[in-house]
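Listed features, source TrEMBL:
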| type | residues | note |
| --- | --- | --- |
| BINDING | LYS153 | ATP binding site |
| COMPBIAS | 10-21 | compositional bias 'Basic and acidic residues' |
| COMPBIAS | 41-53 | compositional bias 'Basic and acidic residues' |
| COMPBIAS | 54-65 | compositional bias 'Low complexity' |
| DOMAIN | 124-408 | domain 'Protein kinase' |
| REGION | 1-80 | region 'Disordered' |
Amino acid sequence: MATATAVENGKSESDERDGSRADLIVNQTSEAFVKDDDDVFHEKDSKTEKEAKSQQSSPRSSSYSHTPPLKRPPVRRTVSDTIGGRLRKISGILGDSRRLSDEFVKEDLPIPPLSPSYGRLESYQKLEPLGEGSYATVFKGLCTANKKIVALKQIRLQEEEGAPFTAIREASLLKQLKHGNIVKLHDIIHTKDTLMFVFEFLDTDLNCYLEKYSRGICPHNTQLFCFQLLRGLAYIHDRKILHRDIKPQNLLISERGELKLADFGLARAKSVPSQTYSHEVVTLWYRPPDVLLGSKNYTTSLDIWGAGCIFVEMLTGIALFPGLNGHIDQLNKIWQVLGTPTDETWPGVSKLPEYDPDIFINFRPRRIGQCIPRLVPIEGAEQLVIRMIQLDPKNRISAREAMRSTYFSNLPKEIYTIRDEDTIYSVSGVEIQKEPA
């Protein structure tokens, strides 16, 4: 889909004021993104205890307590100036060599051609509501300039607090992620009362797709969807970003069969060291046992567990671990298949905050193929699931390694060498099949 119309070089004075306020919202909250240490984790914390305490001394709301004046002299800016400035802001947040290893720091990155700009509200027409959340409503929309269908995520601004932190976090991350399996952010519109993100429009999500094909997705399409999910995760994990909310509702699907990661509102860059990390993430059914047991020390293995659960659900049409009555029931659903863990089977599990063997049912581990017979006849499927849903997060396979598993060995080799921004359907012979009735 073509990008939405960019903002013109010459803006009216009112446009400049809106753009300036949008600058303030993004920049102030981006600073909060750096300071929000209790929500961000680095696998190897190199800071001293004194430094960590110093970082945690300011509450999240402090980022908004010293708001600069909104009225600034209008400055005539070009689109490239606007985009470049914001990319440099985000690069400064996520590209600091004190927080990221040299392997992940890239200097002087070119501005991607699809970088979002600050556009005009009249450039888009709302067509129909698609869904509503706690702080935003999503509409199907039309770009009046090129007649392309888009998705409009309208975020309600609170006068006291400004833009919700999750919204700015999502924009900050999506502005730097350019990949064929990640939803594109085309434009950002700011008015007095709302902040609106303009995304590419995709026809459905995996949850609706599974409702339509409740007996499971055909093995061929499951393989292509699973590969695309892992490909998107490998891309963000290589950049030290966790999605943290992998579930069918957040996986969008186009008519062509393109699967794209969406809703990065809970995502985190693992670039800021911290001693704490909220474990209230990921919908319960897709939440790994280490997080359910209160671990605050997890990494990309969090997303891999969710992807493994979704892999099985695509094949069977049934959630792998459908807990009904809270954390304990969810854990017992997992133990019922993988066995109730001990320090012998999962070193260190007894030290997790919520571990209490007295309230768990004692289950012995079962063979995955015995629990999910549909995996058995598919080459490499059972082995891949086993490696994705390991109880101990240290033993879970990485997304990049999973893409090279036997399960995908029949896919064309060219699928591994396409550009990040291309989809797997750019490879000859790769196409989605029609699902059986």
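Glycine too: its Cβ is placed from the backbone N, Cα and C atoms.
Heads up, TrEMBL stuff is auto-annotated, nobody curated it.
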Neighbour tally for LYS153 (ATP binding site), based on other Cβ positions within 10 Å of its Cβ: 25
Arithmetic mean of per-residue pLDDT over the domain 'Protein kinase' (124-408): 89
Three-state secondary structure, the residue listed as 'ATP binding site' (per DSSP): strand
